[in-house]
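Reading through the structure tokens given below for one structure.
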Ligand SMILES: NC(=O)N[C@@H](CC(=O)O)C(=O)O
């Protein structure tokens with residue numbers, strides 16, 4: 001690092017866009033100015049970042065982040081959650097609506113959006129609730145949220161399923177007016193009452209009530225047909241089973257306008273971890289079987305699953321540590337997502353770095369209709385960029401995370417890759433692996 005930290009021109013010397021040949025990426029006045037031959041770019045007053053060996057990707061976009069504000073600021077705030085996002089290489093996150101109060105009005109989504117702007121670590125796109133109070137009974141004011149300063153385009157009752165088919169149909173119809181999308185938490189409630197982990201032989205052995213795959217698959221099957229029937233756009237949150245992948249594949253072959261996401265943890269971890277009874281592994285939907293993990297990885301590679309989305313779900317120690325049955329479901333994700341993508345998708349040969357950019361930036365930005373994000377790294381585009389060192393391997397230290405919570409399932413585990421720098425419209429939010 002050299003020259004003044006305030007300069008608005010940055011030269012990322014020797015960066016490898018999408019893992020390709022090295023270039024000098026020049027960021028000026030918030031935009032990518034040029035990709036010059038490596039070692040040649042110079043500009044008066046520019047800050048030069050030594051990016052030798054570093055992969056440059058468009059800033060990551062998360063479709064599924066729980067920032068917990070308002071209401072559970074002891075678990076996370078917009079400030080700490082977006083710090084975690086920037087450190088993970090994200091330049092935009094979608095903030096889920098299951099806050100307290102629920103983000104089901106223009107007032108609440110504008111509050112979250114404004115807090116994101118003030119924090120300045122990444123863009124925050126609030127998700128609006130589909131139903132009032134996530135109650136599953138009456139549609140929330142979707143249009144008012146769409147028209148608000150937060151310009152909401154993604155609506156979800158995540159944490160709860162919109163299980164009433166009539167309400168789901170109406171919601172799908174309603175959001176067509178402003179090109180919105182319903183992001184469904186696919187979980188048939190009656191089939192999952194009291195569920196604690198994946199239903200199978202192991203849940204029987206461990207004596208934990210099972211969450212059967214069919215509870216997810218039945219809702220996805222219904223919803224793709226509803227989306228087709230009303231000609232609307234459906235997004236499926238945190239797909240976790242092989243059977244769900246098969247339904248999504250069929251739906252896409254039929255031309256139904258459906259997209260889907262998978263979490264990093266469902267691409268790496270499986271249900272065998274529940275045998276420890278350590279509630280850090282309790283999550284919704286639950287960790288599944290090894291064959292599900294394989295099918296999910298393959299579906300990301302094929303593009304049947306469009307996006308990797310973190311489902312970053314911070315929980316305070318009092319809610320997460322203790323008995324499995326009483327612990328809240330959820331795991332941290334923002335600061336480890338890119339590392340898991342590298343391990344599960346790149347190092348297995350399933351995706352190259354261009355593929356990672358597509359699934360963690362381009363497609364999620366498109367699904368969320370987020371202008372200015374997920375754009376290619378070329379001249380004239382907004383300078384939302386992440387630099388990652390894929391050669392580093394290091395153990396995850398929960399105490400070093402920016403998140404206010406500590407519920408990472410990767411504590412002590414060695415993961416590949418390190419986010420070295422993140423730029424939001426040409427301004428560094430992370431430099432040398434630390435908040436700028
Ligand atoms: N994904 C999770 O395990 N938890 C989510 C909500 C939910 O989907 O249950 C949370 O908000 O904590």
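Using the three backbone atoms N, Cα and C, a Cβ is placed for every residue, glycine included.
Model, not experiment: these values are computed from the prediction.
TrEMBL lists 55-243 with the feature domain 'Dihydroorotase catalytic'.
Sequence-distant neighbours of residue 64 (Zn(2+) 1 binding site) (same chain, six or more apart, CB under 8 Å from its CB) are 94, 96, 158, 183, 237, 238, 261, 263, 309, 310, 311, 312, listed in sequence order. According to TrEMBL, the Zn(2+) 1 binding site annotation covers 64, 66, 158, 311.
Residue 284 (substrate binding site) falls within neither a helix nor a strand when secondary structure is assigned with DSSP, and so counts as coil. Among the features that TrEMBL reports, substrate binding site is placed at 66, 67, 68, 98, 284, 315, 329, 330.
Look at TrEMBL and you will find 158, 185, 238 tagged as Zn(2+) 2 binding site. Counting only same-chain residues six or more apart in sequence, the Cβ atoms lying under 8 angstroms from the Cβ of residue 185 (Zn(2+) 2 binding site) belong to 156, 157, 158, 159, 160, 161, 162, 237, 238. Under the three-state DSSP scheme, residue 185 (Zn(2+) 2 binding site) falls in the coil class.
Summarising the annotation, TrEMBL assigns active site to 311.
Per-residue pLDDT, averaged over the domain 'Dihydroorotase catalytic' (55-243), rounds to 98. Candidate binding-site residues: 64, 68, 98, 311. Those with a Cβ under 6 Å from ligand 1, in sequence order, are 98, 311. Residue 64 (Zn(2+) 1 binding site) falls within a strand when secondary structure is assigned with DSSP. Looking at residue 330 (substrate binding site) and residue 66 (Zn(2+) 1 binding site), their Cα atoms lie 10 Å from each other. Residue 329 (substrate binding site) carries neither a helix nor a strand DSSP state and counts as coil. Cβ neighbour density within 10 Å is lowest for 329 among the binding-site residues 329, 330.
Residue 284 (substrate binding site) sits 13 Å from residue 66 (Zn(2+) 1 binding site), taking the CA atoms of both as reference points.
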